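Remarks on the structure that follows.
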């Protein structure tokens, strides 16, 4: 398909690399203009420049999503540069390990801040214009860890579970005001830094087989798998979809 996002303007947090970059690339192919927002401004700008070929419009901006002034300024700059936002993808996130009894409190706070507070602050900044124009779509990033319990990942499960329910609450607030809100919940995506962190360092065939056994489809995900789901949720093909937690996990949560 093509032009599903024609004339749309999409901001993507964590857009400089990995899944965020794959979403940006897919959105451009579908006719959107994109703003890549990343903690590493240089990375965001380099990635945007790489994508800006053949008339594609991509711009990079730096922001710490845990700081209201930062993310508000980035979204304001994006709107001034490429146009009023019609879509926001809250992709920025971090993971970490630890059960409740041995979790580091500072690490807990940081995981909550980037994942949950970052989603809140970016959404708050984008919603001002979306509600005024009565038009917008927000895609939050949950995870299979927000749908089921994952051993030794207390903070990450709590954060992603919070995002899934925040998505439902936002849909209840804003769907009648022209703004759809959904969450995409990926399974393991091995080619990203977070995916490698979640899988650990043991890549022996026996361990790999045990990991793959959790995925009925027989493989791990790719950034492009997740990007295609996000594009669907951003597009008018999902015009009747709001408040959904969309599992893109190769069947992991089905068994």
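Even glycines carry a Cβ here, placed using N, Cα and C.
Not measured: the values here are computed from a predicted model.
The NAD(+) binding site annotation in Swiss-Prot covers 19, 38, 64, 65, 91, 160, 189, 190, 191, 192, 193, and the record cites experimental evidence as its basis. If you look up Swiss-Prot, you'll see 143, 156, 188, 215 marked as (S)-2-hydroxypropyl-coenzyme M binding site, on the strength of experimental evidence. Residues annotated as site 'Transition state stabilizer' in Swiss-Prot, with a curator's inference given as evidence: 143. The active site, proton acceptor annotation in Swiss-Prot covers 156 and rests on a curator's inference. According to Swiss-Prot, the site 'Lowers pKa of active site Tyr' annotation covers 160, on the basis of a curator's inference.
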Query: Far apart in sequence but close in space: which same-chain residues, 6 or more away, have a Cβ under 8 Å from residue 215 ((S)-2-hydroxypropyl-coenzyme M binding site)?
result: 187, 188, 249, 250, 251, 252
Query: For residue 156 ((S)-2-hydroxypropyl-coenzyme M binding site) and residue 91 (NAD(+) binding site), what Cα-Cα distance in Å is obtained after rounding to a whole number?
result: 14
Task: Work out the three-state DSSP category of residue 189 (NAD(+) binding site).
output: strand
Task: Would you work out the biggest C-alpha to C-alpha distance among 143, 156, 188, 215, the residues that bind (S)-2-hydroxypropyl-coenzyme M according to the record, and give it in angstrom as a whole number?
output: 20
Collapsed DSSP category at residue 91 (NAD(+) binding site): coil
Residue 143 ((S)-2-hydroxypropyl-coenzyme M binding site) versus residue 19 (NAD(+) binding site) - Cα distance in angstrom: 13
- prompt: In DSSP terms, helix, strand or coil for residue 143 ((S)-2-hydroxypropyl-coenzyme M binding site)?
  reply: coil
Field: Rounded Cα-Cα span from residue 143 ((S)-2-hydroxypropyl-coenzyme M binding site) to residue 189 (NAD(+) binding site), Å
entry: 11
Task: Taking only the Cα atoms, work out how far residue 160 (site 'Lowers pKa of active site Tyr') lies from residue 143 ((S)-2-hydroxypropyl-coenzyme M binding site), in Å, as a whole number.
output: 6
Task: Out of the binding-site residues 64, 91, 191, give me the one sitting nearest to residue 143 ((S)-2-hydroxypropyl-coenzyme M binding site) by CA distance.
output: 91
